[in-house]
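K.L.:
Heads up, here are the entries from TrEMBL:
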type: TRANSMEM; residues: B:41-58; note: transmembrane segment
type: TRANSMEM; residues: B:79-102; note: transmembrane segment
type: TRANSMEM; residues: B:108-127; note: transmembrane segment
type: TRANSMEM; residues: B:139-161; note: transmembrane segment
type: TRANSMEM; residues: B:181-205; note: transmembrane segment
Amino acid sequence: MLPIDAAAHSSRWRRRHPVDKAVLGLGLTVLAISLPPWPGAALVLLTALAVLLGPAGVPGRRLWRAYRVPLGFCATGALTLLVQVGGPGGFVSLAADGPARAGELLLRTSAASLGVLLFAFTTPMSDLLPRLVRAGVPAAVVDVALVTYRMSFLLLDSVRRVREAQAARLGHGSRAAEWRSLAGLGATAFVRAFDRAARLQAGLAGRGYDGTLRVLVPQARPSVRFTAASAALLAAVAALTFALRSFVPDSF
Amino acid sequence: MHIAEGFLPPAHAIAWGVASAPFVVHGARSLTREVREHPESTLLLGASGAFMFVLSALKLPSVTGSCSHPTGTGLGAILFRPPVMAVLGTITLLFQALLLAHGGLTTLGANVFSMAIVGPWAGYGAYRLLRRYDAPLMAAVFTGAFVADLSTYCVTSVQLALAFPDPSSGFLGALGKFGSIFAVTQIPLAVSEGLLTVLVMRLLVQSSKGELTRLGVLLSGRKERTGAGAGTGTEAVAR
């Protein structure tokens, strides 16, 4: 199991309905990209961090390990805004408002990422996917997604073992060997995926498979109180943003 | 390269979502029809999705010495065809956003458009074109994977340039800026992905002829020039 999903399964909010957590986590993400980055995204970032480390109980180290990935992409992407092409300064020169634009983008993306992480760290995929049918996603697509999800872990485990075996046989000793090993890894993943699908098919056929995968979903109801509190928090962040905008400069 | 969460302004995020929707809906309808007619396809398609997810997690040694990962869009399109790839790609991108914090939900539409729609269609188009003119299978596979990878990054450059036009030279300047950054890193990576895809396909032709025939990549009954060197000729022809 992947670290974020493993954390979601042991989350304090594991038993909450996904809608509750979507309103809060994805609501924060929507606010992060909709509000003015300064001070809106900064407030969203602080709020998401406080909820993640506080009520949601996500361990700080786990959060950092997951968060540094999008943070790296955000920082790399923001760097491009520091320069401009053409103009009086030459073919490539520093953009006058580059640092402000890059800072705003960094704030917006880092805050938005935390909102999604709040949802991902508290909602296991196995709770979310079966409920997508009620949201209008065709049952066949959800079934394929469920099989994909469950088979991904098995395949990732297989790939890890094959990689270890290749390393033990000096399969990564040279660049040519590395390419050979990588190609073998890709082909093995394909063969194993189809082999597993065939065996699953045979097993399910023996149990009267009619094309529908029935899975147990933990019973949970959306909490009106939790959703109302989330909506109030989101409204407070939005109101505080507009209140603060009259006191702080437009950008930094 | 996925566009990170929150990177695009709301209007752009919504617009790319709207642009992707018809392709994903069409793919979902094809998939639903396929599953209704052949219930066992659910497992095969799920396995294909898992394969795509795992493929995108493989580390690819790049010419610059760093590591990247294959997009898998070229191989996916050749194996499973572009309409199905729109759905499988969307599922894979959703999993990457929620399980790996890679990409995002607000940028899902933009990422789907580049990686699950344009990449597969461009790669598959190049592959089919070469096959129509009787090019060796492996040359067509290499070109398909190369074009799919590169077109994905070209579209990503356009998406970023539209969202962040250059203060001095506007959209074209930004396109040059993002495009040149990607060109330095992505052309070698596209070549690498093309080579990897050829190596994977060579192994698959040897070991999984049945599955490839079932997927329609190979049709039995005709000798085929694979272009993969001596000893790997197969009684098959790509569709």
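Keep in mind that glycine also has a Cβ here, set from the backbone N, Cα and C atoms.
Note that the structure is a prediction, hence the values are computed from the model and not measured.
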K.L.:
Of the listed stretches B:41-58, B:139-161, B:181-205, which one has the most C-beta pairs under 8 A with the transmembrane segment (B:79-102)?
P.N.:
B:41-58
K.L.:
With a Cβ cut-off under 8 Å, give me the same-chain residues at least six positions beyond the ends of the transmembrane segment (B:108-127) that come close to it.
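P.N.:
Same-chain residues near the transmembrane segment (B:108-127) but 6 or more away: 2-3, 8, 12-21, 23-24, 71, 73-74, 76-78, 81-82, 85-86, 88-90, 92-94, 97, 140-141, 143-149, 151-153, 155-156, 159, 238.
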K.L.:
Let me spell it out: take the transmembrane segment (B:139-161), skip the flanking residues so only those 6+ beyond its ends count, and list any with a Cβ under 8 Å from a Cβ in it.
P.N.:
1, 3, 7-8, 12, 16, 70-71, 73-75, 77-78, 110, 113-115, 118-120, 122-127, 130-131, 171-172, 174-175, 177-179, 182, 186-187, 189-191, 193-198, 201, 227, 238
